[in-house]
């Protein structure tokens, strides 16, 4: 590529940007609701409700007087007045556990997203543009770039090998096989995003980036990317436009029929 800003922007619009949009983070209330789904906490909640309901239940006066004559009514009346404390204590403990669990999950997710964004902003990759070797951010790589790959690199996009020197790739993140795959121009020249370079070096022509790359496709299938929501919104907008066009055509046809009559 010549590296002109106009060409780069056109390629980003046509083939997408080398960024996988993350899934929307869960709100604190959603994390609280998930924490409440624990079986142990559900059992404690049911026990607390039963304990509170029994503490506020009082038998009829005649039965209560007979019970008092047999076992001593003063002690039982005192227990009845303070019986709600057990149920309230159980509910309070459940609330504390749920809040602590939800807060820990929320803080961990926030830290993870901050670390991920920092890595995406700071990580750079070596490419060839306008005949010069330059380092650009991974998000700035576009389809058509020539990227230099070497030992230890994590491939940021899909591409075709155009020059290789004893290049071996670890594709265990995609295939699950630990054997290193040898890449040559004649046999198996495809390089996939998310794989590691274990030996050798080479150059590849970038053919797919972002959500269109192998990693982006996997993220969409796993529901870890937010691209699916955007596509559904686009489909809804298209359906609305189609409905409007149909309504307009129906109105026109009705008017023509009236004029003919």
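Glycine is treated like the rest: Cβ placed from N, Cα and C.
All TrEMBL annotations are machine predictions without curation.
Here is what TrEMBL says about this protein:
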- 232-261: compositional bias 'Basic and acidic residues' (COMPBIAS)
- 6-51: domain 'Cation-transporting P-type ATPase N-terminal' (DOMAIN)
- 123-222: domain 'P-type ATPase A' (DOMAIN)
- 222-261: region 'Disordered' (REGION)
Helix-strand-coil residue split for the domain 'P-type ATPase A' (123-222), DSSP-based: 19 helix, 50 strand, 31 coil
For the domain 'Cation-transporting P-type ATPase N-terminal' (6-51), the number of residues DSSP places in helix, strand and coil: 31 helix, 1 strand, 14 coil
